[in-house]
Amino acid sequence: MIGLGWRLALAAGQGRAMLLAGCTAIVCGLLLVTQTIAMLPQYPDESLYSVVADAGTRGGFAFGAAMLSVPALLLLFQAVRLGTSARERRLAALRLAGATPGEVRRIGAVEVGVPAAVGAVAGIGVFLLLRLFFGGVSMRGCCEEGVTFYSAGVRFVPTSVTPAWWQFALTVVLVAGLGVVVGLAADRRVVVSPLGLTRRHDPRPPRPWGVVLLLGGVMAGAAMLVFWRDSDVVDVAAPLVAIVLLVGGLVSLAPWTAYVIGRRVARRARTGPVLLAARRLASDPRPAGRAAAAVGGIGLVAGGSAAMVAGILDDVQPEDRGYYLGAIGLVGVALLISLVAVVGSLAVHSVESLLDGKRSVASLAALGGSSELVARAQRAEIGLVAVPMGVGGTLLGAVLLGAALAGITLLWLLATVAAVLVMAALVWAAIGLALLLTGPWLRAATDPGNLRTA
């Protein structure tokens, strides 16, 4: 079955298999970096970046490194669904040859699991590359014990400690297994018949279950404020739990947000591209919601960071600001890297919609619609979800994460407005870049040859 899954993965295109492997390699590498940071003693024998060298802030940095894998996982989910129609035709042929529905599901999972396993093994190479370029400098034997060394450069991967062989193996197995789970989750609603038809469960509208997670995040933030400095456990755990719940809530709310926006905009649309985009969102909101889900989490962290910058400028002495602002600058770099993953996710969503709906796109082109009109409709479809998610996440982060710690001041208000504007501009630029990458698929989808039925 593994050999068959590998052949099916290659049949879907080497680009898709490489994208799956690349996503899992990034996730595996980040998890190995997280484990290495967690293994550091209180006073490491190497020179590291300040927030990693300091035992008090090291845990937060490790948590942030692990959270960087979320956009890569969302991109992995999008890549799994790339070319759904062609994959269903291949699985239908297997059903016609005698495969049972359970075997078809398992083959689909193996189709994803094989490149995921290859990527998980390659993740060890990603970890070693990060260690080579951003590894700490050994200071062993130069000073007495109990001294913390700070690096002038961005050296955040420890080199004095290394995960054991079983930790490497366990991480590879877990990440590869996660790829298989993602493959099963992507096709959980699909049963392919021997005649090549696809039967799906009733596509009920998405529900706003993410609100429950958001409320949990708000409660965790409230607990942090009430018990601040009273309990070391609450001081450490509450912010991390709040961030996880808030990010999870925003990601879960993305499909419901797409559905609500699509229905409301469709009633008020005045142009063809906006109407097409809104109707598509209202009829099938989940693909666009999944593509834009990570934008909300990025906005959440960006808003919180902007508010904390305002608090630092207000409360911290000028000579001490560099320590904190440098760490927040590193967060900004991480957010930009995450935004690159979002560009990939949006591009994959655009390609998926073009591949699955190329006949309708070709029909629109045959009736006089230009490629530019289809591109504007795609831009509107993604923008109607991604921009509100980014702006909403930024406001939520500024209010719940930033204002709770820094307080509401004029400088906080200015920082929040600036963060919202920058986030909206970056999201719009990401959408434009994603559509630029999908230009060849757009031109291919408008080919009149796609109207052929045989």
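Using the three backbone atoms N, Cα and C, a Cβ is placed for every residue, glycine included.
TrEMBL entries are annotated by machine, without manual review.
For reference, TrEMBL has these:
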| type | residues | note |
| --- | --- | --- |
| TRANSMEM | 17-40 | transmembrane segment |
| TRANSMEM | 60-80 | transmembrane segment |
| DOMAIN | 65-186 | domain 'ABC3 transporter permease C-terminal' |
| TRANSMEM | 112-134 | transmembrane segment |
| TRANSMEM | 164-186 | transmembrane segment |
| TRANSMEM | 207-228 | transmembrane segment |
| TRANSMEM | 240-261 | transmembrane segment |
| TRANSMEM | 291-312 | transmembrane segment |
| TRANSMEM | 324-348 | transmembrane segment |
| TRANSMEM | 382-405 | transmembrane segment |
| TRANSMEM | 411-437 | transmembrane segment |
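With a cut-off of 8 Å between Cβ atoms, the residues of this chain six or more beyond the transmembrane segment (324-348) that come close are 19, 49-51, 57, 64, 68, 70-72, 74-75, 78-79, 82, 154, 156, 290-292, 294-295, 298, 301-302, 305, 308-309, 312, 316, 382, 386, 426, 430-431, 433-435, 437-438. Counting only same-chain residues 6+ beyond the ends of the transmembrane segment (291-312), those with a CB under 8 A from a CB of the stretch are 67, 70-71, 74, 78, 243, 246-247, 250-251, 253-254, 258, 321, 324-325, 328, 331-332, 335, 338-339, 341-342, 345-346, 348-349, 382, 385-386, 389-403, 405-407, 409, 411-412, 414-416, 418-420, 422-423, 427. Taking Cβ pairs closer than 8 Å, the transmembrane segment (17-40) reaches residues 9-10, 52, 55, 58-59, 61-63, 65-66, 68-69, 72-73, 75-76, 79-80, 82, 112, 115-120, 122-127, 129-131, 156-158, 160-163, 167-168, 171-172, 174-176, 178-179, 344, 348 in its own chain, all 6 or more past its ends. Below 8 angstroms of C-beta separation, residues 2, 5-6, 9, 17-18, 20-29, 31-33, 36, 76, 80, 154-157, 159, 168, 171-173, 175-176, 178-180, 182-183, 186 of the same chain, each at least six residues beyond the ends of the transmembrane segment (112-134), sit close to that stretch. Residues 16, 19-20, 23-24, 26-27, 30-31, 33-34, 37-38, 51-52, 112, 116, 156, 178-179, 182-183, 185-186, 239-240, 243-244, 247, 251, 290-291, 293-294, 297-298, 331, 334, 337-338, 341-342, 344-345, 348-349, 352 of the same chain, all 6+ positions outside the transmembrane segment (60-80), place their C-beta atoms under 8 angstroms from a C-beta of that stretch.
Across the domain 'ABC3 transporter permease C-terminal' (65-186), the prediction's mean pLDDT works out to 79.
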